[in-house]
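Here the structure comes first, spelled out in C-alpha cells, and everything after it is commentary.
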Amino acid sequence: MDRIIEKLDHGWWVVSHEQKLWLPKGELPYGEAANFDLVGQRALQIGEWQGEPVWLVQQQRRHDMGSVRQVIDLDVGLFQLAGRGVQLAEFYRSHKYCGYCGHEMYPSKTEWAMLCSHCRERYYPQIAPCIIVAIRRDDSILLAQHTRHRNGVHTVLAGFVEVGETLEQAVAREVMEESGIKVKNLRYVTSQPWPFPQSLMTAFMAEYDSGEIVIDPKELLEANWYRYDDLPLLPPPGTVARRLIEDTVAMCRAEYE
C-alpha cells in the first residue's frame, strides 16, 4: 500500500515514468527523501535491499531520466528491484481504466493489482515468458550478433514463448527460426526477470544435433561457432546470457584441458 513520503523516510528510490528511471549522477538514488525533493510524494515500498527499503515513486523528472539498463552493473538483487519498480510504474500508468467496461480502476491494497469497482475485474502486471539457450558443439558455443546489438556484442539465442507452446517447444522453434539448426539434450539452468520491457528469461543449455547455420536476417547480423577460449565481445556480467556462456565455457574447460 502506498503512502505519503515523510522527511525522514530513507532507502533506495526508484523514481519512474514511461519505462524510464530517474538516475541523478547516473546512479540509483539512495538516502533520505528530503535529499531528493521527494517529501510529500506518494511512494510504494516494493522490497528491501540489505536491510534498507526500496521505494517506487511514479513521477517524471525534467532531467536525468534514463533506461534501467544504465544500472545493470548494480548487484543483481538491487537491479532486479529497480526493474520491478519500472515495470510496476508502467503497469499502474497503463491500467487506469478497465479494458472490459471502461471504468476507472484503483490499486489493490493487498497485492500488485488494479481493481475495477464497476465490473470487479482484476488485472495483474503482464509478464512475457522468454527462453534463452546456450548451444554447445564439442569445444564450441553458438554465439550470434543480434540486429538490436550494434556494439559488437555476441550472445546466445533467445525469444518469446508463443501461445499454447511449452518452453521446450519454444527453444526448438526459436533456434530453428534464427539459426536453422536442431538441438538435443535440453537442460534447464535458471531464470531471470528482465525488465525490457517485462520479460521472464528462462535459461537452458542444449547440445547441437544437426543442420548448418542459416540465419534469419531480420533477427541476426551473423552467427557462428566460437571455441571456448577464443570468444568475441560478450554480454555484461550479471546477465543470464553471460551466466550461460560462462557455464558452457566451464564445461568445455573441464573436458578439453
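Every residue gets a Cβ built from N, Cα and C, even glycine.
Among the features that Swiss-Prot reports, substrate binding site is placed at Lys25, Arg69, Glu111, Tyr124, Gln192, Pro193, Trp194, Pro195, Phe196, Pro197, Gln198, Ser199, Ala241, with the record citing sequence analysis. Note on Gln192 (substrate binding site): other Cβ atoms within 10 Å of its Cβ, all shown chains, come to 20. Under the DSSP three-state reduction, Gln192 (substrate binding site) is assigned to strand.
The annotation Zn(2+) binding site is assigned in Swiss-Prot to Cys98, Cys101, Cys116, Cys119 on the grounds of sequence analysis. Sequence-distant contacts of Cys101 (Zn(2+) binding site), defined as residues of its own chain at least six apart whose C-beta falls under 8 angstroms from its C-beta, comprise Cys116, His118, Cys119, Glu121.
Other Cβ atoms within 10 Å of the Cβ of Ala158 (divalent metal cation 1 binding site), summed over all protein chains shown, number 25. In three-state terms derived from DSSP, Ala158 (divalent metal cation 1 binding site) belongs to an extended strand segment. Per Swiss-Prot, divalent metal cation 1 binding site is recorded for Ala158, Glu178, Glu219, and the stated evidence type is sequence analysis.
Annotation source Swiss-Prot lists divalent metal cation 3 binding site at Glu174, Glu178, Glu219. According to its DSSP assignment, Glu178 (divalent metal cation 1 binding site) is helical.
What Swiss-Prot lists as divalent metal cation 2 binding site is Glu174.
Summarising the annotation, Swiss-Prot assigns domain 'Nudix hydrolase' to 125-248.
Sequence annotations record features per position, and here Swiss-Prot assigns motif 'Nudix box' to 159-180 based on sequence analysis.
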Taking the centroid of the Cβ atoms of Glu174, Glu178, Glu219 as the divalent metal cation 3 site, which other residues of that chain lie with their Cβ within 8 Å of it, listed in sequence order? Leu157, Ala158, Gly159, Val175, Glu177, Ser179, Asp216, Leu220
For Glu219 (divalent metal cation 1 binding site) and Gln192 (substrate binding site), determine the Cα separation and express it in whole Å. 22
Let me know the largest Cα to Cα distance in Å among the substrate-binding residues Lys25, Arg69, Glu111, Tyr124, Gln192, Pro193, Trp194, Pro195, Phe196, Pro197, Gln198, Ser199, Ala241, as an integer. 33
